[in-house]
Each structure stands twice: as C-alpha cells, then as structure tokens.
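Asker: Supplied in structure tokens, the structure appears directly below.
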Amino acid sequence: MIMPHTHSLLLVFFGQCFRICEMWRKAADSRVPLVRQMKDMPEPNMDYSNLRRQIISMKKSLFDQGYLDEQFNQLEELQDDSSPNFVEEVVALFFKDSSRLLTNIEQALEKHPQDFYRLDSLAHQFKGSGSSIGALRMKNECSMFKAHCSNRNLEGCRRSLQKMKREHATLKQKLETYFQLLRQVGPRERAVNSWK
Amino acid sequence: MAVATETPFHVLAVDDSLLDRKLIERLLKTSSFQVTTVDSGSKALEFLGIHGEDSSPPVSDADQLEVAVNLIITDYCMPGMTGYDLLKKIKESTSLRDIPVVIMSSENIPSRINRCLEEGADEFFLKPVRLSDMSKLKPHILKSRCKEHYHQEQHQQSDSDSDSNSNECSNPTNNSSSDNSNSRKRKAEDDEVLPQTNRSRHS
C-alpha cells in the first residue's frame with residue numbers, strides 16, 4: 001500500500017514542478033507586450049490601439065463625407081515596403097499641381113475677355129489629378145466649373161472657383177492630419193495596409 | 001542585354017501629368033513590369049528611335065531600339081501630340097507597328113474609344129487606371145510576340161517566292177498606312193484571322 005502512494009506522490013510532485021516552470025515561462029513572455037515586438041513601435045499598447053482607432057475613424061469619415069472615394073484605397077493598396085510613402089508623395093504632388101492650377105484659373109478669370117477654352121482646359125487638368133488621388137468633392141467641383149465654362153458663365157465660374165478653393169483647403173488640412181496620425185504609428189505599420 | 005531567363009516586360013508610359021506618371025509607374029512596377037516614363041509623344045518617339053516628322057522606315061528592324069519596348073501605354077489628352085497622334089505614328093512605322101499600344105483617358109467618349117481602336121490601339125483604359133487593369137496588358141504583349149514570330153517565318157519563306165505580295169510588300173509609304181489600319185480593325189470580321197499575305201510588317 002505504501003509503494004503506490006509514494007509513486008503517485010512523486011508523480012504529483014514532478015507534475016507540479018513542471019507546471020510552475022511553465023507558468024514562469026509564460027509570465028516572462030507576456031511581460032513583453034506583443035506590440036513592442038514589432039519594430040518601430042515605441043508606444044505602449046493602449047495608446048497604439050487608440051491611435052489606430054482614430055485613424056480608422058478619420059478615414060471612414062473622409063469617405064462618408066465624400067472627400068475621398070475608392071481611388072484613395074487603390075493608392076493605399078499600391079503602398080508597400082518598397083514604396084512606403086507612396087500615398088503621401090502622390091497627395092503632395094496633387095497639392096502642388098492643384099495650387100498652381102488654382103492660381104492660373106484665378107488669373108485667367110481676371111483677363112478680359114475670358115478665355116473659356118483655356119479655363120476649361122485648366123479645370124480639366126485639375127479634375128484629372130483630383131480623380132487620380134480619389135478627391136471626390138474636388139473632382140465634382142471641377143465638373144461644375146467646366147459646366148460653367150461651357151455656358152460661358154463667368155459668374156458661375158467665379159462662384160465655383162471659390163468653392164474649389166475652399167474644398168482644396170479643407171481637403172489639404174484633413175489629409176495632413178490623417179498623414180500625421182499615420183506617421184505616429186511608425187513606417188512599418190503604415191506600410192501594412194490594415195486601415196480598411 | 002540580359003539573358004532571357006525571365007526578363008520582365010518593358011513598358012513605355014507616356015503622360016504629361018507628373019502625378020499620373022508616378023501612378024502608372026507604380027501600377028506597372030507592382031505588376032512586375034520594367035517601366036520607362038516620358039512626358040510627351042515626341043519624347044516617346046525619340047525614345048523609340050523615330051526622329052523627325054517623317055515616318056519612313058529605318059533600315060534595320062526593331063532591334064535598333066537600345067532597349068526593347070514590349071508595350072506602349074499613353075494618355076489620350078496631351079498638349080502638342082495627342083495619344084491618338086502618337087498611336088498613328090507608331091502604326092505608321094514598320095519597326096514599331098507591332099508594339100501593342102494602350103490608350104488611357106479620363107473621358108468615356110465612345111467615338112474616341114472607337115477611333116483609337118480602329119487606328120490599332122489594343123486596349124483603352126478609363127482613368128484612373130487601376131491595378132486590376134494591369135492584368136490586361138500581358139496578353140497583348142504575348143499576342144504581338146506570336147505575330148512577330150509568325151511574320152518572321154513568313155518573311156523567311158517569302159524570300160523564295162518573288163511576286164505574291166507586290167501590294168502589301170511595297171514600300172511602307174503613307175499610302176499603306178490606311179491599309180494597315182483597315183487590317184487592324186478589331187470589329188471587322190474579315191480580319192479576325194491573321195492575314196496570310198500581310199508582309200508589310202517586315203521590310
């Protein structure tokens with residue numbers, strides 16, 4: 001009767017030892033939050049997920065309010081490790097282009113007589129760039145401007161230009177904020193297209 | 001020249017907009033193409049080895065190009081030479097006419113699209129061009145390569161028989177360009193089959 005008890009006691013003893021060791025090992029692992037194991041991730045777990053939530057929510061609102069359309073998603077699809085700043089670079093190109101075009105349009109409107117053909121051509125370029133980055137509202141306002149050009153409606157063009165300038169400024173500010181948020185999560189996370 | 005194990009296909013992209021050039025370059029590179037971008041039709045022709053206004057053929061054929069171009073993708077609306085003008089010049093050139101040409105445009109105008117296809121464009125993309133459009137390019141490249149090999153064979157054969165194709169084998173002056181555009185009409189049923197006697201691609 002004593003032999004079996006000893007045997008099973010020994011088993012229990014070694015079993016417990018093993019379990020304790022396992023617990024220590026797991027505790028050691030979990031002390032390092034998963035997020036720190038990613039490169040370029042200095043922020044603690046809590047802030048990172050808040051940031052992530054902010055980014056997703058901001059992007060959703062940009063889409064819901066019609067500032068951006070599907071083409072913007074297409075741009076994000078094209079961003080990867082080999083081209084980690086692609087979207088920001090393309091957007092920067094857009095704002096450079098479009099600022100110049102706005103100035104040219106403004107100048108052309110002040111010329112007498114107005115050259116509606118040229119105005120239409122400038123708006124067409126603007127519309128094209130806007131469409132390439134998924135700037136939906138901008139694109140639509142350019143279409144309005146072009147329609148006024150077709151009708152040789154100077155007043156219409158002037159009003160439309162003011163709208164274009166406002167849309168332009170708003171979009172610029174919103175995208176700057178968006179990219180700032182993205183920059184905070186680090187390049188590696190940004191390059192992974194997980195913001196859908 | 002790279003040894004051809006798996007050399008990527010080389011696409012020449014033409015667009016006057018820097019933004020769109022950046023975009024098309026990224027699209028093409030992501031789809032494993034080698035890319036050269038230029039900002040005008042005239043620069044494209046320069047790159048392809050055509051100089052000046054006349055489209056008279058060079059003495060040698062396509063390998064006078066320093067780097068082979070497997071496909072040309074061009075915007076339609078460009079100042080100076082439009083994409084359509086560029087397409088015409090390419091199709092008028094004996095050395096270049098076999099290179100597939102794709103036209104891009106932000107405007108969905110059926111008559112424009114038809115005109116381009118009739119002039120020999122292989123595909124028409126509406127802008128903004130997407131990644132999914134890129135998969136349509138390779139079939140055109142492969143098809144043109146097949147045609148090229150077929151015509152090379154025909155050309156070798158024709159050296160033995162002398163007088164069969166005096167019409168189409170004639171000097172590729174501007175006269176024959178209309179014949180070519182006819183033979184390229186995608187919608188025309190007669191031309192679905194590769195014309196047996198069309199030798200004008202090789203001079």
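Just so it is clear, glycine is given a Cβ too, placed from its N, Cα and C backbone atoms.
Okay, so TrEMBL annotates it like this:
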type: DOMAIN; residues: B:10-142; note: domain 'Response regulatory'
type: MOD_RES; residues: B:ASP75; note: 4-aspartylphosphate
type: COMPBIAS; residues: B:148-158; note: compositional bias 'Basic and acidic residues'
type: REGION; residues: B:148-203; note: region 'Disordered'
type: COMPBIAS; residues: B:159-181; note: compositional bias 'Low complexity'
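How buried are these features, and what lies next to them?
Answerer: B:ASP75 (4-aspartylphosphate) falls within a strand segment according to DSSP. For B:ASP75 (4-aspartylphosphate), applying a Cβ distance below 8 Å and a minimum sequence separation of six or more within one chain yields B:VAL14, B:ASP15, B:ASP16, B:SER17, B:ASP20, B:GLY83, B:ILE103, B:MET104, B:SER105, B:LYS127.
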